[in-house]
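Peer 1: If you look up Swiss-Prot, you'll see ARG104, GLY255, ASN421, ARG423 marked as phosphoenolpyruvate binding site, on the strength of similarity to another entry. The Mn(2+) binding site annotation in Swiss-Prot covers LYS262, HIS282, CYS306, ASP329 and rests on similarity to another entry. Positions annotated as GDP binding site by Swiss-Prot: ALA305, CYS306, GLY307, LYS308, THR309, ASN310, PRO355, ARG454, TRP534, PHE543, PHE548, ASN551. Look at Swiss-Prot and you will find LYS88 tagged as N6-acetyllysine, backed by similarity to another entry. What Swiss-Prot lists as phosphoserine is SER115, SER304. The N6-succinyllysine feature in Swiss-Prot is assigned to LYS457; the stated evidence is similarity to another entry.
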Amino acid sequence: MAALYRPGLRLNWHGLSPLGWPSCRSIQTLRVLSGDLGQLPTGIRDFVEHSARLCQPEGIHICDGTEAENTATLTLLEQQGLIRKLPKYNNCWLARTDPKDVARVESKTVIVTPSQRDTVPLPPGGARGQLGNWMSPADFQRAVDERFPGCMQGRTMYVLPFSMGPVGSPLSRIGVQLTDSAYVVASMRIMTRLGTPVLQALGDGDFVKCLHSVGQPLTGQGEPVSQWPCNPEKTLIGHVPDQREIISFGSGYGGNSLLGKKCFALRIASRLARDEGWLAEHMLILGITSPAGKKRYVAAAFPSACGKTNLAMMRPALPGWKVECVGDDIAWMRFDSEGRLRAINPENGFFGVAPGTSATTNPNAMATIQSNTIFTNVAETSDGGVYWEGIDQPLPPGVTVTSWLGKPWKPGDKEPCAHPNSRFCAPARQCPIMDPAWEAPEGVPIDAIIFGGRRPKGVPLVYEAFNWRHGVFVGSAMRSESTAAAEHKGKIIMHDPFAMRPFFGYNFGHYLEHWLSMEGRKGAQLPRIFHVNWFRRDEAGHFLWPGFGENARVLDWICRRLEGEDSARETPIGLVPKEGALDLSGLRAIDTTQLFSLPKDFWEQEVRDIRSYLTEQVNQDLPKEVLAELEALERRVHKM
């Protein structure tokens, strides 16, 4: 059968005979259900025709992105039993997936390059690497050959031209996704700019090729159409950065099937960024305006479950301060002609974790998801609404709950009503505090970059890096508390450098070199780098810092540091606020001594753990500048 990818060859989309494709099925026998293949740019038409020969769909639908098309897509999904209307809200829908298809599958997510070391550093002694999964071109070819021939039989192949970033922005990039999932079509219309305007902007330009199949062909054997289509045993998400291709099979869940998100916007884009001299990062972007009217833009990288969306949509507790959201998950950043680092949010929507979202933790998110939203794997209330752990809303009398598994549920039940990774997919424009410049084609100027993690002990509320090189080291050493899969293991501290550990598109050592190289750019105005930790606890296990809207007090100090205020003192790990420099007015008593303490025994162990991780996981690819920063920290901690 014809294969999408051939090892060692750039795929020839402009005529298949040189690669010796067997004839599968003439494209003329396929029904084009919507759109005109002949009007597509040559590169896209070749991509569609070859993929159709390979996957053998029943018909082809070229998406135009219109409201009428979206309505028809949602109606089709409802008729197939894949989504349910939520009458409590305006144009909101609920999808329930197969319980085996609920999250990103890191173990089945691979980067394909000729050399393993292009993708991942090689730990000493053949130890298992934790910084990505490499697959050889030959193995990947076999995997594609086993999965894709005929995989769309009985289904429609949708052609989705989409722009990551505002259409026409010099910072944006275009992709074309082929998929047999109408759920993906409806979700991608929210998460990206999708349709005819993208084709017009692309012309004959380059685009990232994205092929996705749920991996469950309908061969006329009486398969139930209401069952969530997926193929968990054969799930594979492959990235071929040299060819700018993404190939995903077997999963309908967001991170595996909405290929514009982590696959394109981080894994492929981080490689594009390295090749072209920019940055593609797992970061929120927010604008913050002081009471005096001074506005700054900040990018921040946090691992999962550390409040990235909450910070991006924060309602500041400090009077007179205003936060506006540019993006909550991904930042593409490039230096302009004047040396300013400018950032866009390449996404068009929010794909947020539902549990824990409430009017208390994130009122702006709750306002965003009242209309035009697709919910996945949350619970449903009998009055046509949604429900999840931490929604902080009492159930009205007589209202019952159906869990994400379709079973009756009541408060106090042992099992959660919503899956822990359940999601809302909502248009960004509906957020009440979207920044006026969130779609500015030139991007917004970044003044500070913040790293952070969930650290119950030892790490202070906020500190500033000494300089850019030290800041890159701080990002490389990021760690965060995570709940282990096995319950009895309790909480463990995981390394998550730059909050990018699952998303690197190339060797992390080379990624560090790329970040370090920014310092050598002529005229570059480098942002200051900070580290925050909202999650430190006292001996009794209580949080030392109230978090949420009170985090504006930390942003206030960061902004004053950017203005050159002398409000920091030097410590072995970085610059922390001087006594009284944080505005704590109106707060209950905060134990700042404990909040900013640096226990020597903790930091001695911390630097041992960081050294072990970097020397083992990055090994020979660890830049000498990062190793020098580690050694300098070791010396400073030794003198504490």
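Numbers run from 1 along the shown chain.
Even glycines carry a Cβ here, placed using N, Cα and C.
Note that the coordinates shown come from a computational prediction; the quantities given were computed from them, not determined experimentally.
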Peer 1: If you skip the near sequence neighbours and keep only those at least six away, which residues in the chain come within under 8 angstroms of GLY255 (phosphoenolpyruvate binding site), Cβ to Cβ?
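Peer 2: Correct list: ALA103, ARG104, LYS261, LYS262.
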Peer 1: Using an 8 Å cut-off from the Cβ centroid of ARG104, GLY255, ASN421, ARG423, can you name the remaining same-chain residues around the phosphoenolpyruvate site, in sequence order?
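Peer 2: Near the phosphoenolpyruvate site, beyond ARG104, GLY255, ASN421, ARG423, sit VAL102, ALA103, TYR253, GLY254, ASN256, PHE351, VAL353.
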Peer 1: May I ask for the distance between ALA305 (GDP binding site) and ASN421 (phosphoenolpyruvate binding site), taken between their Cα atoms and rounded to an integer number of Å?
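Peer 2: Computed Cα spacing between ALA305 (GDP binding site) and ASN421 (phosphoenolpyruvate binding site) is 10 Å.
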Peer 1: Which one of these recorded positions, LYS88, ARG104, LYS262, has the sparsest Cβ neighbourhood, judged by other Cβ atoms within 10 angstroms?
Peer 2: LYS88
Peer 1: What is the biggest Cα to Cα gap, in Å, among ALA305, CYS306, GLY307, LYS308, THR309, ASN310, PRO355, ARG454, TRP534, PHE543, PHE548, ASN551, the residues listed as binding GDP?
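Peer 2: Binding-site diameter by Cα atoms for GDP: 21 Å.
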Peer 1: Whole-number answer please: how many Å between the C-alpha atoms of the residue listed as 'N6-succinyllysine' and LYS88 (N6-acetyllysine)?
Peer 2: 43
Peer 1: Just name the most isolated of the binding-site residues ALA305, CYS306, going by other Cβ atoms within 10 Å of its Cβ.
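Peer 2: If we count Cβ atoms within 10 Å for the binding-site residues ALA305, CYS306, the smallest count is at ALA305.
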Peer 1: Would you pick out, from the binding-site residues GLY307, PRO355, the residue whose Cβ has the largest number of other Cβ atoms within 10 Å?
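Peer 2: For the binding-site residues GLY307, PRO355, the Cβ with the most other Cβ atoms within 10 Å is GLY307.
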Peer 1: Sort out for me which one of SER115, SER304, THR309, ASN421 has the most neighbouring CB atoms within 10 A, since those are the recorded positions we care about.
Peer 2: THR309
Peer 1: Count, for each of the recorded positions HIS282, ARG423, LYS457, the other C-beta atoms lying within 10 angstroms of its own C-beta, and report the residue with the smallest count.
Peer 2: LYS457
Peer 1: Starting from the Cα of THR309 (GDP binding site), work out which of the recorded positions (LYS88, SER115, HIS282, ASP329, ASN421, ARG423) are within 10 Å.
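Peer 2: The recorded positions close to THR309 (GDP binding site) (Cα within 10 Å), listed in sequence order, are ASP329.
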Peer 1: Rounded to a whole angstrom, what is the C-alpha distance between SER115 (phosphoserine) and HIS282 (Mn(2+) binding site)?
Peer 2: 25
Peer 1: Mind computing the max CA-CA distance among ARG104, GLY255, ASN421, ARG423, which the record assigns to phosphoenolpyruvate binding, rounded to whole Å?
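Peer 2: Taking every pair among ARG104, GLY255, ASN421, ARG423, the longest Cα gap is 12 Å.
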Peer 1: Just name the most isolated of the binding-site residues TRP534, PHE548, going by other Cβ atoms within 10 Å of its Cβ.
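Peer 2: Selected from the binding-site residues TRP534, PHE548 on minimum Cβ neighbours within 10 Å: PHE548.
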Peer 1: Have a look at the recorded positions LYS88, HIS282, GLY307, ASP329, PRO355 and say which one has the shortest Cα distance to ARG423 (phosphoenolpyruvate binding site).
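Peer 2: Spatially nearest to ARG423 (phosphoenolpyruvate binding site) by Cα position is PRO355.
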Peer 1: Hey, how far is GLY307 (GDP binding site) from HIS282 (Mn(2+) binding site), Cα to Cα, in Å?
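Peer 2: So the alpha carbons of GLY307 (GDP binding site) and HIS282 (Mn(2+) binding site) sit roughly 13 Å from each other.
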